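Positions annotated as Zn(2+) binding site by Swiss-Prot, on the basis of sequence analysis: HIS94, CYS96, CYS109, CYS112. The annotation compositional bias 'Basic and acidic residues' is assigned in Swiss-Prot to 45-63. According to Swiss-Prot, the feature region 'Disordered' maps to 45-80.
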Amino acid sequence: MGNREIFDQVSDMEKQIGELYEQLGDLKVKLSDLLEENHRLAHENHHLRHHLEEYRQDGDTDSKQPLNETKKKHHTLPGEGYDNLARLYEEGFHICNLEFGSPRRNEDCIFCLDFFDKTK
């Protein structure tokens, strides 16, 4: 095998490695998006189950409570602020105390995700 053939093979391998590296980067971005969506959906599911459980419990106790207390309880939802923060994070903004409100630039923030873990 001549020097030119070896050089061509190394050049081809370098090109293939570059393409694989690019594909790996694309997969990493897709995986990050999927993990973020999975995390958001898990939290949303948790809150919906919690609201459903409260709704079922309220149905049992509504007849025992005065009308004013029932209206107050249904008017303010306990997870409303959390849902707003989750929506802001989903829209691409930081919700952590370090960079609150600044754009995330399509990256996950461990401090923002830590906030979600603390509120479970």
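Note: Cβ is positioned from N, Cα and C throughout, glycine not excepted.
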- Query: For the recorded Zn(2+) site formed by HIS94, CYS96, CYS109, CYS112, which further same-chain residues have Cβ atoms within 8 Å of the site's Cβ center?
  - Reply: TYR89, ILE95, LEU98, GLU99, PHE100, ARG104, ILE110, PHE111, LEU113, PHE115
- Note on the structure: Taking all protein chains shown into account, the Cβ-based neighbour count within 10 Å for HIS94 (Zn(2+) binding site) is 19
- Item | Close in space, distant in sequence - CYS96 (Zn(2+) binding site), Cβ under 8 Å, 6 or more apart | CYS109, PHE111, CYS112, ASP114, PHE115
- Task: Within 10 Å of the Cβ of CYS109 (Zn(2+) binding site), how many other Cβ atoms can you find? Include all protein chains, please.
- Result: 18
- Where does CYS112 (Zn(2+) binding site) sit in the DSSP three-state scheme? helix
